[in-house]
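Q: This structure is in structure tokens; I'll ask about it shortly.
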Amino acid sequence: MSDTLDLAVELIRRESVTPEDAGCMDLVIERLAPHGFQAEWLNFGDTKNLWLRRGEAAPLFVFLGHTDVVPPGPLEDWSSPPFAPEIREGRLYGRGAADMKGSIAAMTTALQRFVVHHPGHPGSLAVLLTSDEEGSAYDGVVKVVDVLKSRDTVIDWCLVGEPSSFARLGDVIRVGRRGSLGGVLRILGVQGHVAYPDKADNPIHRFAPALHELTTEIWDGGNEFFPPTSFQVSNIRAGTGADNVIPGKLEVLFNFRFSTELTVEAIQRRVETILDRHGLHYELSWRLSGLPFLTRETELVSATRAAIAAVTGLQPRADTGGGTSDGRFIAPTGAQVVELGPLNGSIHKIDEHVAVEDLEALSAIYERILGNLLAVL
């Protein structure tokens, strides 16, 4: 069993359902501390955050990952227990295999080899791991970034191990992500008996025309890097459960995934304009999960492309799709951010898995990225 596969198996055995780490970070420390990496815990609340750094000089390269995983769901639906990793037909099965314990294993072994081959490398290397990515993300990377800023720590390059690949390892790299803006809207009406609508004010009926306008609005046309901004309603709640009561309040949860063509303020203003135009009595609160970011054709992107081509022969496609990642907290610092990891077809699903051969290939790609950036300086 290779070092990368061995570590991936050990990580998957830890039942680190968010926000638990379950000892995963200790496994990484055990492997990197002997190579000169200094470990520092930056924990907040129930979240464990680990900052491992080797060297103090610039430039600083950071591998970013998360040890927490989503719940496995019904255990009886799995072909093998989700936290008892099993290899079948060349695939490693287990919760977190692709998202993202396989990547963490590949990062770790890549760093081990790189430091052995280049003990006097220029710059510094670091690993940032959190146990709060799949959950609220309140006490994870966002808090660590604040600590690093207070120390004037500058991250030059950040490679996130999120599963970016689609059909083959390395066919897609993420060079950005859309922003995520959520809202909770409460339409206020007057409760009453369904037989006496003249004595009530139905918030569902009131909101229907506005909902139609919100869902058909063209928010922007996107650009060469991002698809058009999307608006989606995720939940609608109203009523008492009885069929003879007009509700007095309607609650709507919605989300925007937005491009660099729009600002948060512009979205908020347009939503409120639509609601006001329909004469609604409402309360509205917002939650910004992350701003859109984009890393153009910079050193990190070039180094990543070259490494993928050398190991797999592929020319990766740059993409900004998918959900949010912790890269959204690093990008505003000015760092170049790229996401590269295993195939994402099984993530968050029953029988999550990663190809065993992809683990070693990913580790080789990560090592080449380090060499492309640091070994030749």
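Any Cβ shown, glycine's included, is placed from N, Cα and C.
Not measured: the values here are computed from a predicted model.
Residues annotated as Zn(2+) 1 binding site in Swiss-Prot, with sequence analysis given as evidence: H66, D99, E162. Per Swiss-Prot, the feature active site maps to D68; the stated evidence is sequence analysis. Residues annotated as Zn(2+) 2 binding site in Swiss-Prot, with sequence analysis given as evidence: D99, E134, H348. Residues annotated as active site, proton acceptor in Swiss-Prot, with sequence analysis given as evidence: E133.
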Q: Taking every protein chain shown into account, which of the binding-site residues H66, H348 has the largest tally of Cβ atoms within 10 Å of its Cβ?
A: H66
Q: Using the recorded Zn(2+) 1 site (H66, D99, E162) as reference, state which further residues of the same chain have their Cβ within 8 Å of the centre of those residues' Cβ atoms, listed in sequence order.
A: G65, M100, S103, E133, E134, V160, G161, P163, S325, G341, I347
Q: For the Zn(2+) 2 site (D99, E134, H348), what does the 8 A shell look like? I mean other same-chain residues with CB within 8 A of the CB centroid.
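A: Apart from D99, E134, H348, the close residues are V69, V70, G96, M100, I347.
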Q: Taking only the recorded positions H66, D68, D99, E162, which one has a CA atom nearest to the CA atom of H348 (Zn(2+) 2 binding site)?
A: D99
Q: Please determine which of the recorded positions listed here (D68, D99, E133, E134, E162) has the lowest count of neighbouring CB atoms within 10 Å.
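A: Among the recorded positions D68, D99, E133, E134, E162, the sparsest Cβ neighbourhood within 10 Å belongs to E134.
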Q: Sort E162 (Zn(2+) 1 binding site) into helix, strand or coil using the DSSP assignment.
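A: DSSP assigns E162 (Zn(2+) 1 binding site) to coil.
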